[in-house]
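Going by TrEMBL, these are the annotated features:
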| type | residues | note |
| --- | --- | --- |
| COMPBIAS | 1-20 | compositional bias 'Basic and acidic residues' |
| DOMAIN | 37-503 | domain 'Major facilitator superfamily (MFS) profile' |
| REGION | 1-25 | region 'Disordered' |
| TRANSMEM | 33-55 | transmembrane segment |
| TRANSMEM | 75-96 | transmembrane segment |
| TRANSMEM | 103-121 | transmembrane segment |
| TRANSMEM | 127-148 | transmembrane segment |
| TRANSMEM | 160-180 | transmembrane segment |
| TRANSMEM | 192-210 | transmembrane segment |
| TRANSMEM | 322-344 | transmembrane segment |
| TRANSMEM | 359-377 | transmembrane segment |
| TRANSMEM | 389-406 | transmembrane segment |
| TRANSMEM | 412-435 | transmembrane segment |
| TRANSMEM | 447-467 | transmembrane segment |
| TRANSMEM | 479-497 | transmembrane segment |
Amino acid sequence: MYTSREDIGYDFGDNSKDGSKTTQPNPNIDGGWAWMIVLSSFLVHILIMGSQMALGVLNIEWLEEFNQSRGLTAWVSSLSMGITLIVGPFIGLFISMCGCRKTAIIGGILNALGWILSAYASNVHCLFITFGVTAGVGSGMVYLPAVVMVGQYFQKRRALAQGLSTTGTGFGAFLMTALLKYLCEEFGWRNAMFIQGAIALNLCVCGALMRPLSSKELVNEKCIVRNNSEVHHAKALSHSTDTVKASGVLNGEQEKKEEATNEEVLDSVQRMDSGGDSISGKRMYGLRILKRVSQLTVTVRKGFGIWYSSYFGAASLFTNRVFVAFIIWALFAYSSFVIPFIHLPEIVKQYNLSRQNNIFPLTSIIAIVHILGKVILGIISDLPCISTWNVFLMANFTLVACILILPLMQTYIGLAVICALIGFSSGYFSLMPVVTEDLVGTKHLANAYGIIICANGISALLGPPFAGWIYDITQKYDFSFYICGLLYMVGIIFLLFQPCIQKKPPREKSKEEAPV
């Protein structure tokens, strides 16, 4: 059965003796600056994921402007969405070396540059580079830190915090659809993309808000988590946990040796620096450069070591059987959510429903209900007697059923109902970081979630062009939804056959803990 995040523990090398130590809770965990992190992540989701959900508006403009096939044109949106997620594992390396704040600020600049350069594109192939690759990589550099930081700042209310922050996708899809429509009508699609690039610079502000927790605060929080929960591991994950635990000891010893060597180098430079009175100015300048290079080398080697061990070392995340099944699910899941956003405007035109859709767009219905779905599913998952895993699976089943039914609906009311169900059930996206952290722990969250969104990115990259290609052959989108829905079902079946963990009821307070 499914083990809760309390059961797994956040440090695979937990020592039972540590639980006896009394530590003061950090006010920034589950409160204080943590809510500023939620706000930052919320704005990131509006500006990145919301904008990508609104690309159906620009897709129509590109079809008219460049007069290319639907399959080829859909690659622009797919590249942007796909690369945003596919670069996840490599962004994990940046986070290990530079931290979330610097990574997000650089990504914000790159994303804005991609939007601005796309305004001058002369053909679809130029958009592949400027918008698909440049803006996509920039988006990925902001998106992953936004998710990881929320996981670091919240322990007790992680599902709710992730739900609130990721509602930005729904708000963004609603707002950005209306904004891009207005800008395209008033200024044309090229100027609209230029203006959107200026707006995207606000991602740098969001990155600046991602204040990192100090190592001391993280250690204190781990001790608090141990004190408030009983540490026992589920039998289903015992093999994976033992592997990571054993390799963690080996990696720890190796890191200590490397740190000792690097500290000797830095100390020698500092001693030479302290004797600067007798050394010429040029030599002092050279020593300072050497010191900076040594410090950078230490940071890069340490970050790369963590990243490499997570993917390829003895502590590889791929030794976790359930996590591997989770990756297989992610390979099929995301395209079923992305395809309606990209191709619904075209479907509405085919069914002659443009008048009703202009009054209240179907994509906006998905976006609005998506917001409610994320918050409600997050609240339900945080209840002590509810398994996050079960909520996650039920939402997936509902979504795949809607994808398979959608082609059968040819009236606006029917499509609106299905779109509302798609929006609510897709709220499980807010549970993905929580489920991932339950499987691998906080320490490995950045790299593990990077793998998951990479798999999602492959799904998003191939899904919309596949749907456009099927349309070019059959002149219908029906088979696209049927095939994607069946593949999605295969991914869910992989999850169903994995051993799960169950959330334990809350521990009763002892006499010592009872309030006076």
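From the backbone N, Cα and C atoms, a Cβ is placed for every residue, glycine too.
Under 8 Å from some Cβ of the transmembrane segment (33-55) lie the Cβ atoms of residues 76-77, 80-81, 84, 104, 111, 139, 142-143, 146-147, 149-150, 153-154, 161, 164-177, 179-180, 196, 199-200, 202-203, 206-207, 209-211, 341-342, 363, 367, all in the same chain and six or more residues away from its ends. Residues 50, 53-54, 56, 159-160, 163-164, 166-167, 169-174, 177-178, 340-341, 344-345, 348, 391, 395, 415-416, 419-431 of the same chain sit 6 or more residues outside the transmembrane segment (359-377) yet have a Cβ under 8 Å from a Cβ within it.
With a cut-off of 8 Å on Cβ pairs spaced 6 or more residues apart, the transmembrane segment (322-344) and the transmembrane segment (389-406) reach 3 or more such pairs and are scored as touching. Contact between the transmembrane segment (389-406) and the transmembrane segment (127-148) is not supported: fewer than 3 Cβ pairs lie under 8 Å, counting only residues 6 or more apart in sequence.
Among the recorded stretches 75-96, 127-148, 160-180, 479-497, the one sharing the largest number of Cβ pairs closer than 8 Å with the transmembrane segment (192-210) is 127-148. Same-chain residues lying 6+ beyond the ends of the transmembrane segment (160-180) with a Cβ under 8 Å from its Cβ atoms: 34, 38, 41-51, 53-54, 56-58, 146-147, 150-151, 153-154, 192, 196, 341, 361, 363-364, 366-371, 374-375, 377-379, 382, 423, 427, 429-431, 433-434. Residues 40-41, 44-45, 48-49, 52, 62, 75-76, 78-88, 91-92, 94-95, 100-101, 103-104, 106-115, 117-118, 120-121, 162, 165, 193, 203, 206-207, 210, 433, 445-446, 449-450, 453 of the same chain lie 6 or more positions beyond the ends of the transmembrane segment (127-148) yet place their CB under 8 Å from a CB of it.
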